[in-house]
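Quick look at what Swiss-Prot lists:
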DOMAIN    6-187  domain 'UmuC'
BINDING   Asp10, Asp105  Mg(2+) binding site
SITE      Phe15  site 'Substrate discrimination'
ACT_SITE  Glu106  active site
Amino acid sequence: MGERRIIHIDMDYFFAQVEMRDKPELKGKPVIVGGKASGRGVVSTASYEARKFGVHSAMPMAQAHKLCPDGYYVQPRFEVYKETSQIIMDIFKSYTEIVEPMSLDEAYLDITHLVRPDLSASAIAQFIRRDIWEKTGLTSSAGISYNKFLAKLASGMNKPNGITVIHYNNVNEILMNLDIGDFPGVGKATKEVMHTNGIYNGQDLYNKDERELIRIFGKRGHGLYQKARGIDHKPVKNFRIRKSVGTERTFATDINDDEEILLKVRELSEKTAERLSRIQKSGKTVTVKIKTYQFETLSRQRSLRDPIRSDIDIYNTAYSLYNELKDPDVPIRLIGVTVGNLEATEYENMSIYDFL
């Protein structure tokens, strides 16, 4: 098996950035999202302007008010954050099926199968970050490396709105000079134990014998020993294998104009083909779904002998299925095109432009 390519995407000050996006008057201000200071509320997210005052996540809100009395304090809107997160996760899944969400605002992506001589991991990460910006108006940071630990570390090295790559040829320099508190997974309590045992940076950790680390930290000692050497064999665990790819659109008004509907079918076929191309899949079934003005859902599906993924092939099949479904006297409000029964696609004829 060749070298893996893992991306860790971390949204920049996610909750605060969403609030600044939706309330432009907050841009450039010290924004703190969290519970009420009068109770036991804590800071969920602080903008970089607020962090300059020492405010950080998980800090009691009362303490944040003392550090930044002129800050802009905002109650969290979790439904909005969840909706925005879903858009971001859908972008990830349009590139690869192997996505491991860690929270609303971060995830690991295994893109090993996408990287080629003419398409680097850095380029793919830039495309993903571009899509996030265009669809949500939010910036993100990306870390790229050959394992999850290093990708996570890299994503925090050039924030906000940055991208960092850790290669085999620079990993030792980065790890040896890294403050021990900056190692992913080393919190305040662990850091104190590290200092007690003379470990202040990656070089100090590297110099410790594995048995000694196990004596100090128990089972965690083995993992810390490996981290000091940039070792992490854990796979990116995707929680769902995609069985189909599709898109649908709701019309502003109910329509029964064939020409207008077929233009939309063509557009949906192109979008579906683009998503298939990104995840390097083809499919052997095509489904067309319509919803009538009376909210009745109708669909037709066709199984094909050979898998397809081009927009022309998808459209031709979808066109035929729509003709089986249509009723000139029944306006429709929604139409969708889906390709299912997916299988891997050879990519030698693909180019970087499939990702643009």
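Using N, Cα and C of the backbone, Cβ positions are placed for all residues, glycine too.
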Phe15 (site 'Substrate discrimination') in three-state DSSP notation: helix
Averaged pLDDT score, the domain 'UmuC' (6-187): 94
Cβ neighbour count within 10 Å of Glu106 (active site): 19
Cβ atoms near Asp105 (Mg(2+) binding site) (within 10 Å, other residues, all chains): 22
Alpha-carbon spacing, Asp10 (Mg(2+) binding site) to Glu106 (active site), which is rounded to whole Å: 4
Of Asp10, Phe15 (the recorded positions), the residue whose Cβ has the fewest other Cβ atoms within 10 Å: Asp10
